[in-house]
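These notes concern the structure reproduced below.
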């Protein structure tokens, strides 16, 4: 079902700031036109929402691929294969994420992504690029190919920004590397989100990076200097510094439930951003897949390189939301913060992350068990599930 104008009746509208029950929501021309009780309108398609909840569409700030597609493929159809898969899990917007590779490969990916940002009618929207690698630590490389890891270089970043049409919104880097702190400051001043990740920084180096503008931690706990009582490391810095938002991959593989609970208690919902870090095997059968020229084995235990290193995930955003609720018993309002609102704030979006009149009509309808029933993008029902 595809609507140009839609009213959802008698639904509970949930935002980060609270909820309103038994509301009608009128979506028109891609925007939220009105939220009120008993909206009267003629010639408008209607959807009954009794007993269900309307949440802002999920925003995934860290996703490499799905359905055999990867951002680094630099193909014409790549993002247009990816978009229809992510929207099925309630993700209405995302950052296409890269990984460490040769500069030539990066050049192609930046150029191709910059040319393919207009979504088709059944796709999630690409908000921009998240550059993960090559400016990371070889000591914390994980699945990032060692041969292509280099020191942060602002001239290279400026070239990529130009090739992408100024679409780079976030960069993961290791600030302790040579030129790292200068890059943190320069990027932050230019409006790019600096996320500390794949980093062996000390706690003190972490604090310095935050003072220079770093505001996020890439997939907390994974491939970062761990906590020690004499050196809290990057993990300690992400957990303790309020100015840092923590990305979490809540798939029961990348971290223990207790580690998720600890992050929730220390950061609170205001300090957490749920991500998938998904790779091309998402939405595909178990088997062998490629990640940056490396063989990845995908099983029920996750995605791993031959050496055992985790290589992204096959997590979906709706499952991440359910997992977070299961572990922490957090409220729906808190889930909105962690799945959309915080990401929108980080990206300085003034049209997403909230269900408010004038905002984009991007939303999901879920039941009391957080099972997805509909995904709405630009006021149209793009996905209707059998839940």
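The count begins at 1 with the first shown residue.
Positions of Cβ are set from backbone N, Cα and C atoms, glycine also.
When 125, 132, 204, 208 are compared with the divalent metal cation 1 site residues 62, 64, 277 in Swiss-Prot, the one appearing in that site is 132. Listed in sequence order, the recorded positions from 222, 254, 277 having a Cα within 10 Å of the Cα of residue 64 (divalent metal cation 1 binding site) are 277.
Within the same chain, no residue at least six positions away from residue 230 (substrate binding site) has a Cβ under 8 Å of its Cβ. There are 19 other CB atoms within 10 A of the CB of residue 222 (substrate binding site), with all protein chains counted. Here the candidates are the recorded positions 62, 132, 198, 277, and by Cα distance the one nearest residue 222 (substrate binding site) turns out to be 198.
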